[in-house]
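Pulled from TrEMBL:
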- 1-208: domain 'Protein kinase' (DOMAIN)
- 252-287: domain 'EF-hand' (DOMAIN)
- 288-323: domain 'EF-hand' (DOMAIN)
- 324-359: domain 'EF-hand' (DOMAIN)
- 361-393: domain 'EF-hand' (DOMAIN)
Amino acid sequence: MKMLDHPNIIKLFETFEDHRNIYLIMELCTGGELFDRIIDEGRFTEVQAAIVMQQIFRAVYYMHENHIVHRDLKPENFLFLNKDPIEKSWIKLIDFGLSTHFNDNELMKTKAGTPYYVAPQVLAGQYDQECDLWSCGVIMYILLCGYPPFYGETDADVLTKVRLGNYTFNASDWKNISADAKDLIRKLLKMNPQERYTAEQALNHPWVKNHAPGAEDAPLEGVQMNNLKSFRSLNKLKKAALNIIAQQMPDEEIVQLKKVFTSMDTNGDGQLTIQEVVEGIQKSGLKDIPDDLMDIMTQVDSDGSGVIDYTEFLAATLDKKKYIQEDRLWGAFRVFDRDGDGKITPLELAEVLNNGEVSDLVSGHIEEILKQADANGDGEIDFDEFVAMMAKQ
């Protein structure tokens, strides 16, 4: 889960374990489940449903682009970030207990999912990532009418109807629902997964385009562009620390940056290409596109994926006053200080900067990074030295 980095996917901060349990420390969402909102609302307006479905499609698009299939998409597995009205709130996908990596052109066989939402191919034991889009179709159907397309008195009854794929748009409940909405549901609930819409296609369907408001016009500001430019000159330790801080930042403190990222992410895949960054700069009204934009992107792209991920963007554009706070810095310091003794050793630094692998790192390189923060020359970095390093321009 720590590999997933998207505004509509729950953040995993840390994990702990004892002899009996594993504990996951995750982002706090106080708005309750999508399922509870459905119970409270009865049914959503088309605008409300489109706002929710757009965010669901974005999360699924990102997962599938990264070869991850969720396999248990349902309203209970989406949380609202807060109790704001649906039109203003963000949703987060949770519960990756049944998720797995998939390979293109290779079918999965493990049966997984929940009866109302599971795709027929999963029941047959031969399926691909398109099973998630079937679940999306079921969720969209429920949002618009308040009940599932495949219903029965028992799970066995439900699964029988799922296998047949027969459902209807009851005239009394669907007479005021647009033809576009019904068309998208039909495309998501195609029995043949090869004919079923992908998340990218769903995002570009007229119903989503016309009913969900476009990404809020949130241009890249001059100070954010300057932060992007200066990020490349930071040492590797500070870049890593900023990525950790960005990952741990509560959503309410990065609302504007999230809007900027979403506005620039024109295809909704949760990543920024150089073309999207160029277009974002042009839309912002900033005078010039830097000649060295590719070099800037390379430096911001800390995982070397070729695109700027959500947290990488936050890390490179964070305002200094947001991260020069003791609790923020202490949270990042603790990630480096793996044994909790109040010091960052060369070995600990190497492990974090190279994702736990130290064999490929040249010791001289690590020592050089450490020297930039080790003010007293004892070969380690304490918290005061860490704070001083982060406070430097």
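In case you wondered, yes, glycine gets a Cβ from its N, Cα and C as well.
Using DSSP to sort the residues of the domain 'EF-hand' (361-393) gives these counts of helix, strand and coil: 18 helix, 2 strand, 13 coil. Over the domain 'EF-hand' (252-287) the predicted model carries a mean pLDDT of 85.
Counting residues per DSSP class in helix, strand and coil order gives 19 helix, 2 strand, 15 coil for the domain 'EF-hand' (324-359).
Here the domain 'EF-hand' (288-323) is broken down by DSSP into helix, strand and coil counts: 20 helix, 2 strand, 14 coil. Each residue of the domain 'EF-hand' (252-287) gets a DSSP state, and the totals for helix, strand and coil are 23 helix, 2 strand, 11 coil.
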